Amino acid sequence: MQVFKCFFKIVKKNAVGMGIYFGVFLLLSIFMSQFTADTQKVQYEDARLSIAVIDRDGSEASRALTEYMGNRHDLVELNDEKEEIQDALFARLVEYVLIIPEGFGEGLASEDPVQTENLKVPGSYTGYLVDNQIEAYLKYLRIYLQSGESVPNASDRAEEVLSNTAKVAMQDMTVLSDMRSVFYYTQYLPFVFIAILAVGISAPLSVFVKKDIKMRNDCGALSLRGRNIQMLSAFMASAGIVWLVFAVVGFFLYNKELDSPGIPYTLLNSIAVLLVSASLAFLVGMNIKNENAKWAMVNVFSLGLSFLGGVFVPQQMMDEKILMVARFMPTYWYVKNNSLLGTAAVITDSIKTQFWVGILIQLGFAAAIFTAGLVFTKVKEGNN
């Protein structure tokens, strides 16, 4: 286990640099989790959004739905023109556009009702609040219509039921405006994982690929396969220890919030971004030997991916053009998953689907970056 032990000795020499990033992360995450959580807490009943309703049906039921949404949100008048709707969403004049198609009212009480359509501001989670409200309202409206009630009576009774259950559901329905503090902590994990792994565990890789060290090891009794197995084991063990440290710190800091249904999923999400960070550390360690160049790359990866991916700047505040670029970064999908889990009172099938899509994309990035590291290494060896 000489290679394994030597790997950790080299990691230990970089403890100061790793400790600096660890301290920055703790200060940043604790401050932001307290400050942001306190300032962004908005009661569900006060969360009024600017929305538009495009009524293509003109039925009594569609007008009732429009009136219901007007009671909950601020209605903005828009013409039924694609370009005008897109411009309004882009300019944030509206956050949500509800489209009621023809035949909506006629088929509302049937077994196969016509579904409403919608358009949301890209990257914004507030649209899901409106989705939930519409779904709940139409559910009760159909029940009363199927029992023989008229549309006005059915609408009044549906609103009455929803208003009576609002206080009971308050804690569950603050899923879009009140993210628990623990998820502000996990929000910044990509930054610190990338930085610490690139500084710490990339260092031994840089040492072992040096030409003189490699030639000396080739003359030793330990086979190349044995060295690679020990190096890979040490590499993964180091990454695992880093993950465990932050998991334990999070447990002690936010143990009162661990009842959130999103916690098991956010652990998986953190493992996915850990693998991305480890692959970046592998890429840096195997191909960059100069220390100054390595520190420069660490800052580029950790800060660049964090800013553009939405770690430091909320994705809903980012311009659509930036978001289009951000979608090609693993940190974007990590943050999207984290926000989705942090604002979810119940992990629905829809949330699970979106979550696993984000996980698979992150794993795809990790595999691609690791493969790129291997290719670059092979090319360099061939040139030498």
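Using N, Cα and C of the backbone, Cβ positions are placed for all residues, glycine too.
What TrEMBL lists as transmembrane segment is 15-35, 188-209, 229-254, 266-284, 296-314, 355-376. Positions annotated as domain 'ABC-2 type transporter transmembrane' by TrEMBL: 23-371.
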Given the transmembrane segment (188-209), which of the listed stretches 15-35, 229-254, 296-314, 355-376 has the most Cβ pairs that are under 8 Å apart from it?
296-314
Looking only at the recorded stretches 15-35, 229-254, 266-284, which one has the largest tally of CB-CB distances under 8 Å to the transmembrane segment (355-376)?
266-284
In the same chain, which residue numbers or ranges, 6 or more beyond the ends of the transmembrane segment (266-284), come under 8 angstroms Cβ to Cβ?
182-183, 186, 189-190, 193-194, 197-198, 200-202, 205, 235-236, 239, 242-243, 246-247, 294, 297-298, 301, 330-331, 334, 337-338, 341-342, 355, 358-359, 362-363, 365-367, 369-370, 372-373, 376
